[in-house]
């Protein structure tokens with residue numbers, strides 16, 4: 001469909017088709033938020049075109065912002081003077097060129113001629129800088145335009161360069177083989193295999209640019225550019241980002257916008273030797289090590305005498321080629337490409353897409369990236385992301401607080417602590433005589449920390465953790481300082497230990513050592529540690545047994561860290577958090593191996609504060625953002641954002657208002673529906689749910705999705721129905737499917753559910769489609785779309801409150817009660833948190849249905865507590881506006897029957 005330009009007020013919004021009125025409102029409000037430099041919380045239900053509204057609204061603002069800036073620069077260059085002090089929009093001067101421009105306050109008492117002279121000089125300097133920037137920008141635009149029209153010539157030039165490089169490499173290898181001979185080459189390989197694992201000399205005051213994410217060497221000077229004003233758009237998963245890039249391509253801005261997709265090394269690496277390492281941490285460390293080796297090799301060649309011979313032998317990455325990466329960067333900016341296209345281009349050009357994407361950031365107008373790269377400060381810095389005066393849009397942000405909390409919370413087990421200690425001891429035994437004193441000092445400190453962590457759990461580092469029974473069991477919560485004192489490690493500088501781990505990459509060396517040699521013990525220690533060696537072997541993956549073992553539904557498969565020390569480094573870093581912002585949870589189970597130490601982040605705002613402080617504007621968007629009080633209080637208020645800077649926007653749905661959300665307060669036998677912890681296990685309550693579902697399945701043609709508060713409760717109800725015969729009555733109306741706890745079985749169940757509905761729709765019979773019994777917080781309550789016949793009715797059984805007895809939740813509640821003020825007439829912040837967690841889960845679950853304009857479904861909330869005004873206020877606006885509260889079941893089932901009969905007749 002042809003692109004159309006919509007005018008909302010005085011603003012023109014290009015759009016691929018005629019937008020809904022709610023999309024126009026969304027874009028206009030988004031434009032105002034970005035222009036005024038606010039923090040916006042935007043809610044737009046699924047099916048309302050949120051992605052296109054974000055794209056067209058934000059890029060329209062960026063278009064106008066750049067136009068105003070160009071006009072202002074032209075005026076300044078024409079008049080040769082700086083900006084006036086009383087100009088209304090000082091935000092036009094955002095780049096570094098405007099720093100220290102006209103208007104810099106002068107010391108009081110200076111003669112007027114001095115002030116005038118300095119001001120004139122500043123104005124001339126500003127004009128000169130603007131001229132340089134204008135010339136640089138013009139050069140960049142011309143280069144990108146040439147690329148767009150000369151793609152074939154560029155490919156030919158790349159192929160020619162590759163052939164020349166391959167010829168040169170072959171000649172170089174031939175010369176080396178002639179010079180060294182086969183014996184020397186074999187000796188070199190044997191030495192390098194061993195030497196790679198030995199720690200290089202550590203200099204604590206040395207600042208290596210690679211480890212901190214800065215430029216690798218001087219070759220990048222030519223590639224460094226000014227960071228123009230841009231929009232950072234982030235989402236949770238790479239698939240969501242790929243879908244967003246696809247929407248950008250379809251938009252009116254698709255041909256002109258300079259977009260770059262960022263990802264992790266694991267997603268963008270094209271070096272198969274590095275990719276084969278599997279673990280994200282191993283890939284990161286190996287990549288940085290190769291770039292460091294390249295830098296040190298170059299430095300060593302200049303100085304003629306490298307410190308260690310192994311630094312010369314370490315191979316540099318063949319894909320880290322500045323000329324090729326520059327070409328790849330320009331090609332990526334010339335037209336919109338997703339991550340798969342970037343990978344293909346990187347392989348073809350033999351250039352690294354990961355570093356290429358970093359080089360493209362300064363000139364890009366739209367940067368697409370996953371949550372972790374934006375919200376984790378070290379990752380952000382390593383990627384070369386600069387947020388100063390930029391715009392950030394966080395999409396799918398309903399779980400933003402949980403994401404930040406989870407990203408900075410770390411849990412280590414007793415078995416991991418013991419395994420890391422054993423590996424490190426073996427490493428020191430093998431290479432101790434070759435290590436410098438500073439390396440030995442830090443390794444002994446790490447060993448001491450591991451020993452004390454095991455001791456604080458009540459175990460002994462020298463014994464097998466699987467066979468160690470702890471005298472005390474239970475959960476204990478400590479402040480960070482109390483934990484350090486109790487562990488007797490308060491005298492160790494954890495900041496220095498953390499820095500050593502990062503710079504020396506000891507965990508990668510240790511992983512390489514254990515991977516190459518396995519569990520190596522001296523003959524002196526063999527008898528004492530024989531049992532422990534057996535334990536270490538038991539931790540290794542056993543492919544044959546894993547394939548033969550039946551799938552365990554009670555536990556989803558969790559990826560194991562590549563090296564226990566890599567994981568423990570994260571725990572050490574977490575212990576450097578401010579005392580008031582986190583807690584340490586000691587969980588002592590039956591054995592040491594099952595016991596854990598967990599750092600719990602209480603204040604996610606401490607990691608979000610820098611984002612809102614540096615950015616011009618931040619937009620937090622999602623399909624269901626209610627209740628928003630958590631965002632306002634836990635993230636924004638605690639990050640120092642003033643309430644006046646926060647703007648809320650919630651648009652309606654594109655669907656007709658006749659889709660009925662119902663609150664049913666009592667069952668068929670007039671049993672009040674209140675699924676509290678004390679009442680939900682009563683037989684009459686479980687019977688009421690079964691009878692209500694039987695009636696709903698009798699009047700709803702299509703799929704019915706019923707959500708329970710937990711897997712345990714679902715199984716309990718299912719067993720009760722089976723025993724009492726209700727399950728058979730339900731099965732006579734709809735085929736029953738049950739959500740598995742094992743994540744890898746979810747797709748299989750969904751496929752069977754979908755096929756059943758499709759088959760029943762074609763062959764009308766007594767069984768009308770299917771009933772899916774799901775769990776709030778499970779895989780099917782988030783990210784799965786039950787559109788059309790897959791979800792004609794969504795039922796929520798009770799209110800899925802989190803476990804109030806959880807030590808983590810209790811500590812979080814206490815923290816909020818102490819930190820946040822209590823509003824008059826409102827519940828304490830801790831209690832409000834529990835209710836908000838419940839309602840967020842409800843909103844996510846019921847939002848699985850009604851996915852587009854012509855879709856329809858009935859939403860049934862089975863619990864009289866939903867009728868309370870404070871609870872209703874936390875439902876999404878489009879549901880809240882049309883919800884009906886039914887005191888008894890009769891009128892409720894009649895309304896559902898009428899609704900579906902009318903929909904069936906009109907379809």
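The backbone N, Cα and C atoms fix where each Cβ goes, glycine too.
Per Swiss-Prot, the range carrying the annotation region 'Disordered' out of 171-194, 243-266, 267-290, 291-314 is 291-314. Given the ranges 97-117, 118-138, 139-159, 202-222, the record in Swiss-Prot names 202-222 as region 'Disordered'. From the options 387-390, 391-394, 395-398, the stretch Swiss-Prot describes as motif 'DEAH' is 395-398. A gap of 17 Å separates the Cα atoms of residue 317 ([4Fe-4S] cluster binding site) and residue 264 (phosphoserine). Cβ proximity to the [4Fe-4S] cluster site centre (mean Cβ of 269, 287, 317, 352, cutoff 8 Å) flags the following additional same-chain residues: 265, 270, 271, 274, 290, 291, 319, 320, 354, 355. Note: the Cα of residue 269 ([4Fe-4S] cluster binding site) and the Cα of residue 47 (ATP binding site) are spaced 35 Å from each other. The two recorded residues, residue 44 (ATP binding site) and residue 264 (phosphoserine), have Cα atoms 29 Å apart. Comparing the Cα of residue 51 (ATP binding site) with the Cα of every entry in 264, 287, 352, these being the recorded positions, the smallest distance points to 264. Around the Cβ of residue 264 (phosphoserine), the number of neighbouring Cβ atoms within 10 Å comes to 18. When the recorded positions 45, 47, 50, 264 are screened for a C-alpha within 10 angstroms of the C-alpha of residue 287 ([4Fe-4S] cluster binding site), no residue qualifies. Scoring each of the binding-site residues (269, 287, 317) by how many neighbouring Cβ atoms lie within 10 Å, the top position goes to 269. Here the motif 'DEAH' (395-398) has, by DSSP, the following mix of helix, strand and coil residues: 2 helix, 0 strand, 2 coil.
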